[in-house]
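Asks: Okay, handing you the structure first.
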Amino acid sequence: MGACSSKAQHQTRDPEPREQQAAQEQKSTGPSGAPNDAPAPAEAERKMSGSSATAPKGEMPTASTGTPEQQQQQQQQQQQQQEQQQHPEHQQSEKQQQHGEEQQQERKPSQQQQNEEAAAPHKHGGERKVQKAIKQQEDTQAEDARLLGHLEKREKTPSDLSLIRDSLSTNLVCSSLNDAEVEALANAVEFFTFKKGDVVTKQGESGSYFFIVHSGEFEVIVNDKVVNKILTGQAFGEISLIHNSARTATIKTLSEDAALWGVQRQVFRETLKQLSSRNFAENRQFLASVKFFEMLTEAQKNVITNALVVQSFQPGQAIVKEGEKGDVLYILKSGKALVSIKNKEVRVLQRGEYFGERALLYDEPRSATITAEEPTVCVSIGRDLLDRVLGNLQHVLFRNIMLEALQQSKVFASFPTEQLSRLIGSVVVKDYPENYIILDRENRTRASASALFSAQGVRFFFVLEGEVSVFAYKDKSSSSSSSSSSSSSSSSAEGEMELHLIDTLKRGQAFGDEYVLSPNKPFAHCVKSNGPTKLALLTASALTATLGGQDIDETLDYNNKLAITKKMYIFRYLSEQQTQTLIKAFKTVRYTQGESIIREGEIGSRFFIIKLGEVVILKGEKRVRTLGRHDYFGERALLHDERRSATVAANSPEVDLWVVDKDVFLQIVKGPMLTHLEERIRMQDTKVEFKDLNVVRVVGRGTFGTVKLVQHIPTQMRYALKCVSRKSVVALNQQDHIRLEREIMAENDHPFIIRLVRTFRDKEFLYFLTELVTGGELYDAIRKLGLLGRYQAQFYLASIVLAIEYLHERNIAYRDLKPENILLDSQGYVKLIDFGCAKKMQGRAYTLVGTPHYMAPEVILGKGYTLTADTWAFGVCLYEFMCGPLPFGNDAEDQLEIFRDILAGKLIFPHYVTDQDAINLMKRLLCRLPEVRIGCSINGYKDIKEHAFFSDFDWDRLAGRDLSPPLLPKGEIYAEDAEEGGLDIEEDEGIELEDEYEWDKDF
């Protein structure tokens, strides 16, 4: 097989694709972009209950003013009004400007009119120009070299700093910066001087500088025509703060002497990155010092850290006042604060100390006044925001305590998280005073404990707050000789029995394993509180209800079977219903030592899991190995009519096996899921060598070359082969991306994600051999379908959510989610492709990467982002599915317009979109504050799956391939209608690589 030119992913494209991947090596911004015009989640839901969620002419209702988010929104609107003055290089003429404003205001209604005039159905995107994904940095050497000759040293005066600060504060990209960040950037700008006629920027030339006019006048020239002037205090080159791109105008000096302040994009973003990283680390450290949060998980602490708000106070300014209602926790980051009660000074708070923690739990007035003694900076979080990103704090803390205790329990340790959550949800929480007998033998309790504990009573309990002593009863006569000298015994006796202290349990500990394992065993201990105590009690009836009527042994057996089957691909992605039915179909069979279980050469029809005992595997008379408890064998017999490759015999006096027959399995798993499993197992079984591949045709072209359909000659299996030119990779400085792409693809194993079979390399190319996906792009499918209905949108969005959820569970950010990067398989189910932008996240990322229309605000800005960026793209896709155009920048002519619309544009819904559940979900996904974006809280994707939009959708049947896809592909669909045989290729034996190609040694 010879060399092909290539693309870094298995993709097919339109003749004029709107695509491709991206990896702009630049820093991007932070978790707190400007808030959306969409109401915050709670507000949005409130508005949904009104008469209408859409205002006249497709306008979305505006949220009322007052909250910090809404105040930021108003500031954004004011900034938009100032933009024409602040960025005059984008002005052309007054008439053109007014026309542009009209277009922006009527953008969505104009789309509606087009749709109404069309016969039907509504079309996706219309004639919009969609930007390609940002891939690599443009060369700015020419501009950089020219500007170097104008650079001068200058000490900034107070008036200089004031001018710079004012300009930065009104800049859209800088709108989310705090005072410290603006100050750092003001100190980072450089001074440039110019003479009349000097050129600052050239139209079409790539640039990386953002400028503020210090003095003089400059003219704006577009296509050799002067269209505007730039005066002192005005700025230009805003797009350069986001990424290097071609200048849209030439800027030339008009004055005899003129000067600019300028900052390079790399300096700008590196400054923000350093500040953001340092602030996050500091805030995380401060949060760790709050004892109140010590029972939170690391992930929960990170969520809170991302949501912390920085607040500054001047000397003498009250931070909180005694008697006022409190709902905010404050941590001092710098400065000092005086605590006073009833006008009496009590103490002084220093850096790292905190106050107001009770305000997060209880509706009670402040117990003291706290006043800044000097300039003081605090980080804070309010109860409302905390509830939105984490949930009710007390419930979260208690749940964490119980979850950790269950995971350490000998009985519950093997329970899956979902089962543990159900157990936690069934407990009863009760408070007890000091020295209270909470439980006694045979479940005798004080009368105030209520009839709750009648029948089988309490079987298990957790200590949430306080401390309890646990006593055992012993026969007094048999232990009298030792009890007098035992410090752990109690002198109180009941009849001929006396109490002996056996344990003292504190917060986070639990008791009752023996009573869970023996449901009918009478409670034989005494539990007493050592102080005010809060317990969570699990009763026998609650335990039975939670376990679905099964006893604990049956549940443990079920969990063991579940854990074992989920290790195998053949069972891993069955639906929950299919899995439950399969596990219940297992029967127990016993064999005695020496008895053959299966015989070499016979046709297999059973799958086995070892419950107890040991088996030996024999090839002929040769002993190969032994298998023990919870090992398994024979799974291939469920899918294939194959002869057994070995004999398996019992190797202990008794061997108990869980067994399922093939005919039972085929009654449970059938149709599309069975076909999918057969194809996947066959693909995994095939041992592919490069020399055995035959090129059939080209199916796609991209940045690095082509994608080819190839056939494996020995088995006739077909695959897609992406052929990546090493020279192109090196020229575009993409070595790390290609290597990471391979690493991530090799780890992926999900039915809705493209499967990498293996990789090859030779002197000129790298090769990705993947499964062949023949149904075409989702991008084309939604254009065939027209505007998607509720079920169609549910099907595609839910499939995408499951694929991205799988990646996020492995801490992988996809970062270029869009319909072009999703293919349909022959059954109409989705396959996520193109991992050229994916990244294994460790902390926060700062790289600007992805396709502009689908970028989250925090990616565009410069202060870091996490996995939340992918969740924003869910909202863009859903909007495109159901509304037609893109939500932001649909009619934009350049990337700056797209970015401006994403950061500050209104989210407007066409009049023909009437599904209020869908509208609400879009608003919550397209929330500019990632901390409160649905799917980004500590609940993760559970909040999306349980949203009202999916209330009538069966996620389980989707996973089991038991739903009808919106579009069933007819035949095979490829973008590239290439001639048979693809490109002419030369044979290559894989000659030794030169040293400079060491980066691709893993291929």
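Start at 1 and count along the chain as shown; that gives each residue its number.
A Cβ is built for glycine as well, from the same backbone N, Cα and C atoms used for every other residue.
Pasting the relevant annotations from Swiss-Prot:
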| type | residues | note |
| --- | --- | --- |
| BINDING | GLY237, GLU238, ARG247, THR248 | 3',5'-cyclic GMP 1 binding site |
| BINDING | ARG625, GLY634, GLU635, ALA637, ARG644, SER645 | 3',5'-cyclic GMP 2 binding site |
| BINDING | VAL699, GLY700, ARG701, GLY702, THR703, PHE704, GLY705, THR706, VAL707, LYS722 | ATP binding site |
| COMPBIAS | 69-85 | compositional bias 'Low complexity' |
| DOMAIN | 951-1003 | domain 'AGC-kinase C-terminal' |
| REGION | 292-391 | region 'cNMP-binding domain 2' |
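Any idea what these are sitting next to in the structure?
Replies: A C-beta separation below 8 Å, combined with a sequence spacing of at least six in one chain, links ARG247 (3',5'-cyclic GMP 1 binding site) to GLU143, THR201, LYS202, GLN203, GLY204, GLU205, SER206, GLY207, GLY237.
For the recorded site, ALA637 (3',5'-cyclic GMP 2 binding site), the DSSP three-state label reads helix.
Taking the Cβ of GLY705 (ATP binding site) as centre and 10 Å as the limit, one finds 23 other Cβ atoms among all the protein chains shown. Reduced to three states, the DSSP call for GLY705 (ATP binding site) is strand.
Across the domain 'AGC-kinase C-terminal' (951-1003), mean pLDDT in this model comes to 68.
Assigned with DSSP, the residues of the region 'cNMP-binding domain 2' (292-391) fall into helix, strand and coil as follows: 23 helix, 41 strand, 36 coil.
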Asks: If you measure GLY634 (3',5'-cyclic GMP 2 binding site) to VAL707 (ATP binding site) at Cα, how many Å is it?
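Replies: With the alpha carbons as reference points, the distance is 37 Å.
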Asks: Near ARG625 (3',5'-cyclic GMP 2 binding site), which binding-site residues out of THR248, GLY705, VAL707 have their CA within 10 Å?
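Replies: Checking each Cα against ARG625 (3',5'-cyclic GMP 2 binding site), there are no hits.
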Asks: If you pair up every Cα among ARG625, GLY634, GLU635, ALA637, ARG644, SER645, the residues annotated as binding 3',5'-cyclic GMP 2, what's the maximum separation in angstrom, rounded to an integer?
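Replies: For the residues that bind 3',5'-cyclic GMP 2, the greatest Cα distance is 20 Å.
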Asks: 10 Å Cβ neighbour count around ARG701 (ATP binding site)?
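Replies: Neighbour count, Cβ to Cβ under the 10 Å cut-off: 20.
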Asks: Using Cβ atoms only, which residues of the same chain lie under 8 Å from ALA637 (3',5'-cyclic GMP 2 binding site) while being at least 6 residues apart in sequence?
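Replies: Result: GLY604, SER605, ARG606, PHE607, ARG644, LYS662.
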Asks: Nearest to GLY705 (ATP binding site) by Cα distance: which of the binding-site residues GLU238, THR248, GLU635, SER645 is it?
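Replies: In terms of Cα distance, GLY705 (ATP binding site) lies closest to THR248.
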Asks: Calculate the distance in Å between the alpha carbons (Cα) of GLU238 (3',5'-cyclic GMP 1 binding site) and ARG701 (ATP binding site), and round it to a whole number.
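Replies: Cα to Cα, GLU238 (3',5'-cyclic GMP 1 binding site) and ARG701 (ATP binding site) are separated by 33 Å.
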Asks: Sequence gap of 6 or more, C-beta under 8 Å: which same-chain residues meet both conditions with respect to GLU635 (3',5'-cyclic GMP 2 binding site)?
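Replies: Listed in sequence order, they are MET568, ILE570, PHE607.
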Asks: Hey, how far is ARG701 (ATP binding site) from SER645 (3',5'-cyclic GMP 2 binding site), Cα to Cα, in Å?
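Replies: That separation, Cα to Cα, works out to 44 Å.
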Asks: Which number gives the other C-beta atoms within 10 angstroms of the C-beta of THR248 (3',5'-cyclic GMP 1 binding site), all protein chains shown included?
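Replies: If we count other Cβ atoms within 10 Å of THR248 (3',5'-cyclic GMP 1 binding site), we arrive at 18.
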Asks: Please report the Cα separation of THR248 (3',5'-cyclic GMP 1 binding site) and VAL707 (ATP binding site) in Å, rounded to an integer.
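Replies: Approximately 35 Å lies between the Cα of THR248 (3',5'-cyclic GMP 1 binding site) and that of VAL707 (ATP binding site).
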